[in-house]
């Protein structure tokens with residue numbers, strides 16, 4: 001038996017053994033010959049270990065206690081392609097520390113103690129494509145810090161103590177495609193420093209204390225396609241020209257303090273396909289807010305304070321595929337808000353206090369085909385179906401809860417009010433319908449007045465129109481319009497405002513009232529009637545004059561056109577005069 005074991009084991013002894021690494025392997029590290037990788041993670045190393053094979057391509061030195069990198073520490077590794085020095089205690093890197101790594105493509109220095117990158121640190125790293133400097137103590141980026149990194153495509157400098165980025169800090173980054181700046185102490189962006197990044201395609205700016213976006217911030221970034229602005233608590237407005245010059249395909253402005261959709265800033269972003277405005281205190285989406293975003297496919301407005309989405313709010317969104325309005329204060333979402341619902345594939349309206357009535361009928365009719373992304377919207381009212389998911393509602397309830405009733409104004413008696421200037425005036429307009437109608441008024445000057453209107457005229461809860469400090473120019477007919485998804489109803493009221501008695505007015509008030517009357521706006525009908533009356537009067541006077549001239553000329557009868565004149569020269573004494581006397585002379589004249 002022993003002999004047979006010896007015979008069987010003989011071929012194994014004859015097999016050649018795998019050659020060991022040329023330079024061996026450091027005692028505290030693990031070497032993988034096939035991938036030429038050396039892993040020395042969590043070994044409590046205070047310096048780069050000796051004995052690393054010269055042909056190593058990947059060196060993992062993360063989570064150690066290395067404090068400094070000197071020029072000779074990595075000089076024996078010319079084949080190195082990826083170096084990870086993350087989560088050490090590196091506070092200083094000597095210029096030339098990476099000079100003998102011509103093949104290095106990835107360098108990770110995340111989570112160290114670097115406060116400054118001196119010039120020359122990245123010399124001869126011509127093939128480096130990724131550099132991670134995040135989670136350090138960097139305070140400033142000096143001019144030409146990255147000037148030798150001509151092939152760098154991705155740069156991470158977030159989670160630092162940055163207070164200033166010099167104007168030429170990014171000079172030389174000709175191929176950079178992605179830049180992340182986050183959790184820094186920057187209070188402003190320099191358009192000049194970003195202007196060196198001509199190939200930049202994605203810019204992420206997160207957790208910054210910047211209060212405004214200026215017009216020149218991104219003007220010199222024609223290739224930028226993706227812009228992310230997240231957690232800027234001081235940002236209250238996106239200026240109209242802040243995105244000028246960009247051709248973005250993706251824009252995200254989240255967790256800021258903007259209170260309105262930045263429609264003016266979005267006006268020229270015709271190539272935008274994805275827009276995220278989630279987690280901002282936006283309460284209303286007005287009509288036509290996205291009318292110029294003809295290529296938009298995804299719109300996210302989740303976790304905001306949305307209470308109203310006005311009709312035609314999504315006008316112009318012809319290619320919308322995904323709409324996320326989850327976790328807001330919406331009671332409804334009408335079909336009239338869309339340019340067309342036929343392109344919609346995914347709808348998120350979960351987390352809203354939805355009123356299940358006829359305004360949501362279009363969703364219920366499509367509940368079997370619409371994708372709710374696994375989060376089904378549910379009814380909040382009426383009480384009979386509270387908590388029921390829209391997708392699970394039986395067809396029988398459609399005729400009970402999803403039927404509209406046209407508004408009807410209860411009191412139809414015409415209101416005629418006469419007031420004295422300076423008094424407050426109110427007109428009642430109570431309407432009922434299903435769902436509850438909204439009430440708006442139209443002034444004699446054709447100006448709409450709603451509950452959100454500013455000025456002396458406003459609509460109170462219940463539909464009452466209040467006009468404060470009535471003036472003579474407020475006189476006229478007011479129209480109440482009650483509307484809901486089922487239709488509308490109208491009602492009229494008349495107001496006459498008399499001037500305040502002269503005895504109660506000071507000269508200054510009388511003068512101001514006269515000026516106010518002169519400034520009272522004239523409608524188009526008044527202007528046309530006044531113009532027509534003036535023209536007719538002028539033409540009538542001209543015609544009357546012509547008739548008088550004609551009658552006068554005919555009444556004079558026939559008269560001579562020719563007449564003769566006889567002229568006798570005065571007699572003058574003297575021989576010269578006597579010689580010239582020839583008697584009387586005659587000549588004819590013709591009157592024209």
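Quick reminder: no glycine exception, Cβ is built from N, Cα and C everywhere.
Cross-referencing 511-531, 532-552 with Swiss-Prot places the feature transmembrane segment at 532-552. Note on 324, 562: Swiss-Prot annotates N-linked glycosylation site at 324; no matching annotation appears for the rest, which is not proof of its absence. In this structure the C-alpha atoms belonging to residue 324 (N-linked glycosylation site) and residue 480 (disulfide bond) are separated by 35 Å.
Between the C-alpha atoms of residue 247 (N-linked glycosylation site) and residue 257 (N-linked glycosylation site), the distance comes to 25 Å. Taking the Cβ of residue 276 (N-linked glycosylation site) as reference, residues of its chain lying under 8 Å away and at least six apart in sequence are, in sequence order, 251, 252, 253, 254, 298, 300. Secondary structure counts, DSSP: the domain 'LRRNT' (25-54) has 0 helix, 6 strand, 24 coil. In the structure as shown, the Cβ atom of residue 429 (disulfide bond) sits within 10 Å of 25 other Cβ atoms.
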